[in-house]
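> Have a look at the structure that comes next, please.
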Amino acid sequence: MKQMSSAAVRQMFLDFFKSKGHTIEPSAPLVPKDDPTLLWINSGVATMKKYFDGEIIPKNPRLTSAQKSIRTNDIENVGHTARHQTFFEMLGNFSVGDYFKDQAVAYAWEFLTSPQWLDFDPEKLYMTIYPKDETAYNCWIKQGVDPSHIYRLEDNFWDIGVGPSGPDSEIFYDRGQENNDVALDDPENYPGGENARYLEIWNLVFSQFNHLPDGRFVDQPHKNIDTGMGLERIVSVIQDAPTNFETDLFLPIIQATEKLSAQKTYGVDKDDDIAFKIIADHARAVTFAIGDGALPSNEGRGYVLRRLIRRASLNGRKLGIQGSFLAQLVPIVGQIMESYYPEVLQQKDFIAKVIATEEERFSETLNEGLALLKAEIDQVKAQKQTVLQGDVAFKLFDTYGFPYELTVESAGEAGLTVDQAGFDAQMQAQKDRARKARGDRQSMGSQDELLMDIKTPSQFVGYDHLEVAGAQLQNIIVADAQVDQVTTGSAQVIFDQTPFYAEMGGQVGDLGQILASDGTLVAQVVDVQHAPNGQNLHSLQVQAPLTVGERYTLAIDADFRKKVRRNHTATHLLDQALRNILGEHTHQAGSLVEPDYLRFDFTSLEKVTPEQLQQIEQLVNEQIWQEIPVETIETDLETAKKMGAIALFDNKYGDQVRVVKISDFSLELCGGTHVQNTAEIGIFKITAETAVGAGVRRITAVTSQAAFQYYEEQGQYLTAVQQELKVPQAQGLLDKVVQLETELKTSQKQLQELQAQAAQQQASSLLDQVETVGNYRLVTAIVSASNMNELRQIADTWKQKASSDILVLGAKLGTKANLLVAVNPKVQVAELQANSLIKAIAPAIAGGGGGRADLAQAGGKNAAGLQEALQKAHTLIAAAE
Ligand code: ATP
Ligand code: MG
C-alpha cells in the first residue's frame, strides 16, 4: 500500500473527482447557515441540501468536498471504538440529477483499487447493499467484485422521514482477523456487524425516492448521488494504524497531551488510552467549532461545546493533568490541519482564550460540586441512612460534570452506596429530552419539479436600472401549473430581464409595478425570490391580463430601493466597524436589510459596552462624512479571495462574484444593491444592542430619514422632560435631576430620623412600666424595631434611665423575631446574666444567640413565640435568689 499523509489522501480524493468533472466545494462552516433543523453540519450532504431539494440548481451538477462534520450522537463511542470521532471530515462526491448508481459505483471502485489512485487490494474490500437493490448488485459485479464479497442487509436504506430517500451501499475494508475484537465464528463477524475487523470506510447513497407524508415512496424527479468516506478511517487503513487515532491526524495531539501529563504514556494502559483519545478528539471538535463561530453556553450548540470541554478536562485529570490544559492543544490542532484549514491557526489565540475561560469556570464548578457532594454525604450519614439518592448523583453529573463513577467512589469511601436505578432513570429522561431537542436529524424539502424544469434565462439589470421597458414575459405559474395567460389574482412570473432584486443575503426583494406598453397598471409586484435555476421569480397581484410572449415595462418602487440601498451599504460599514472595535474574530451570524431599518447579528462572548457602541457608531459615521465612492468589481472567486474580500451569509458563489469595495475600509463579496457614495447614507444611528440566544448579539440601526426621525423623537422626549422640570436649556437637565435626587435623599433621611424618634419615645414610655418580680425590678416589652441596632439603642436609653435591674425586649420582623436582654452589673446571680437568660429564652422563637453578662441578643425564625420567651424570662427571674 502507498504511504501517504492525511493531507495527501484528502487532496487525492478531491483531485480524483476533479479529474471526473466535479467542482470542488469548500468545507462549509460547522454551524449551519439558515437551517434551524440542524445543530451541526454532520455530513457532506448536509451542506448540499438546497441542491438536493431542488431549491437551487448548481452550475455544475457534479460536486465534491472534504466536509468538516460533528456527530454528537457518537460521543459515547469516542475512545471506545476504533472508528468514531465527534469531529471528523467526510470526503464525498455528489451528483445532482446527473450520473447515478452505475457511475457512482464505478468511481468508488476506481478510486479505491486503481494503481493510479489508492491501489487497495480488491480482496480486502467488501460491499453491503439493500436486499432488493439488484441494480446495485449488478453494478458491483460489473466492476469485477467477487459475489462472495457482497452482503445484503436490510439496514442499507437511507430514510430521514419525508423528503429524499433511497437505498445505499457501504464499502468495508477487511483489517484481518488478527485485528478483530470478536471470534471468527461470532455471529457479528461480517461486514456491517459489530466487530473491529470489517471497517466501514465509505457509504454510497442512491437518493432515488421521495418519501411522501402519507408514507408512500415515489420516484424523485431528479435522482441524486451522495457519498461519504471518513478521512480518519481511510487514513487509518493507509497508515496501517490500529485505530483512527494512531494516524498523523491525532498522534501529535496525543504526544502533546503526554507531555502535559508527565505521568502517563500512550499505549501502556487501556483506560489511559481512552482518556488520551477522548482528549485528542474533543480538542479537535471544540477548536473547529469555536473557529466556526460557536461559543460555550447552556443550550443547544453551546451546551455541546461545554460538555466536550468538561469531558476533556475530566479525562485530563485522569491522566494527572491539573487545571486548564485543553487550550494548549489548539495550536497543535491548527498545525495538523493547516494545509486545508489555515483559518484555525489564524484564530488560535481567540479559540484558546474561549477554551481556557471555560476550563477555569469548570474547575470552579467542580470544587463547588465536591462541596455539595460532601454536604450530601454528611446529611445521609446524619440521618443514619446508607444510600445516596440517584437524583443527587445525577445533579452532580449534570450540573457539575461529575462522572457517576466518581460519585460512587466518594460515597464508597464514606461507607455509602449510590441508588443506581434512580440515577439511570434521570439519565434516560435527560437523553429523551435531548433527543427531542437535538434536531441533528437532517430534513429536506421536496423537489419542486415544475420550477426545477424552467430553464428560460432571465437577466437581472437592477444594479443600473430602476425601470426597463420591453421586458418579455417568459413564464406564468398559477396554482402549481404553467399557463399562457393570467387575468386576475395571484401569479408568479419570469421575464427575460428585470430590474427587480430577488431576496438574498439578507436584503429584501424589491416592490413595484408591471405596466403595459401604454403605461396602464397590469400588476403589483409583492415579492421576488430566486427560482431553482437562478431566475428572479416575481409574485404578483394581477389587475389586468398578462400574456406570455408580450412585452411590459417593469418599474421598481424607487423610494423603497433607495432606503434599502442605504441600509445595505451601512450594514457593510457596521460589519467592518465591529471587527475593528471588537476584534477580527467577530463572526457575522445573520443579517436583515429592510427599507426602514437594518439588523445585524454577530457572535460575541460579552455584551458590547456603551463605549464600544459609541465607537462603532462614530466609525461608521466617519466613513459617511468622508463621502467615499462605493465600487463594485465583477471577478472570479479566486481573485476576490486574493483581494481579501470577506465572504458573508453564504459560502456558495457562482464562478463570477461581485465584490463591494468601500475604499480601504471594507471589502465584501455581495450581490446586493448599494449606494454610489457613502454620503448618501446621511447618518447612521444604532437603536438597540440585545442578546439573541447564547453568544449571539444583535444590533439594530437606522440611517438617513429614519435616523433623523429617531433623533427627533429623542429630542421630543427631552423637551417633554425639560417642560416637566421647568428647565429652559437641555444642558441644565442633569444638574436639575441631581438636585432633585439630593432633595429626595434629604427628605427620606429626615423621615427616617422622625420615625426613629417616635420609636424612641414609645420605648421610653415603655421603660417606665417597671414591675417587681421576686427580688428584681423588671421591664419587658415587645417593641417595633426593624433591626438589632434599634433594640440596642433602646437598651442604651434604659441604661441611662437606670429604671430597672433587668430589661427584656422583643421585636417582630415578619415571621422572624429578635430578642435582647440587658442586665445591670449589680446583679451578680449566674442564671440572671444576660447571656444565660438569652440562651434560656431564645428557643421559644426557634433561635439562638449569646453575648456578654450585661448585654445579649438573639434572632429566631418563630415570631409567634415572642410572648412565650418573655414569659419564660419572667418565670426565671421570679424563681431566682
Ligand atoms: P458507523 O456505523 O461506523 O457509525 P455510519 O453508518 O454512521 O457509520 P454514515 O452516516 O454512512 O456512517 O457516514 C459515512 C461515512 O462517514 C462512514 O462510512 C464513515 O467513514 C464516516 N463516519 C461516520 N461517522 C463517523 C464518526 N463518528 N467518526 C468518524 N467517521 C465517521
Ligand atoms: Mg454512525
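Numbers here mean position along the shown chain, with the first residue as 1.
Glycine is no exception: its Cβ is also placed from the backbone N, Cα and C atoms.
Please treat TrEMBL annotations as automatic predictions, because they have not gone through curation.
As annotated in TrEMBL:
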type	residues	note
BINDING	His568, His572, Cys670, His674	Zn(2+) binding site
COILED	730-769	coiled coil
DOMAIN	4-713	domain 'Alanyl-transfer RNA synthetases family profile'
> How about long-range neighbours of the coiled coil (730-769): same chain, 6 or more residues beyond its ends, C-beta under 8 Å?
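Contacts with the coiled coil (730-769): 718, 721-722, 779, 781, 783-785, 790, 793-794, 797-798, 801, 803-804, 807.
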> Need the DSSP three-state call for His572 (Zn(2+) binding site) to compare against my parser.
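DSSP assigns His572 (Zn(2+) binding site) to helix.
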> So around the Zn(2+) site, His568, His572, Cys670, His674 aside, which residues have their CB within 8 A of the centroid of those CB atoms?
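Those within range, site residues removed, are Gln507, Thr569, Thr571, Val630, Val660, Glu668, Gly672, Thr673.
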> Mean pLDDT for the domain 'Alanyl-transfer RNA synthetases family profile' (4-713), as a whole number?
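Mean pLDDT, the domain 'Alanyl-transfer RNA synthetases family profile' (4-713): 91.
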> Which ones in the same chain are close to His568 (Zn(2+) binding site), with CB under 8 Å and 6+ residues apart in sequence?
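Residues satisfying the criterion: Gln507, Val593, Leu598, Cys670, Gly672, Thr673, His674.
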> For Cys670 (Zn(2+) binding site), just count the other CB atoms lying within 10 A of its CB, please.
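Taking all protein chains shown, Cys670 (Zn(2+) binding site) has 26 Cβ neighbours within 10 Å.
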> Under a criterion of Cβ-Cβ distance under 8 Å and sequence separation of at least 6, what residues of the same chain contact His572 (Zn(2+) binding site)?
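Within the chain, His572 (Zn(2+) binding site) has Cβ neighbours under 8 Å at Val660, Ile662, Ser666, Glu668, Cys670, His674.
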> Test of understanding: give the count of other CB atoms lying within 10 angstroms of the CB of His674 (Zn(2+) binding site).
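I count 24 other Cβ atoms within 10 Å of it.
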> For His674 (Zn(2+) binding site), what is the secondary structure state per DSSP, taken as helix, strand or coil?
coil
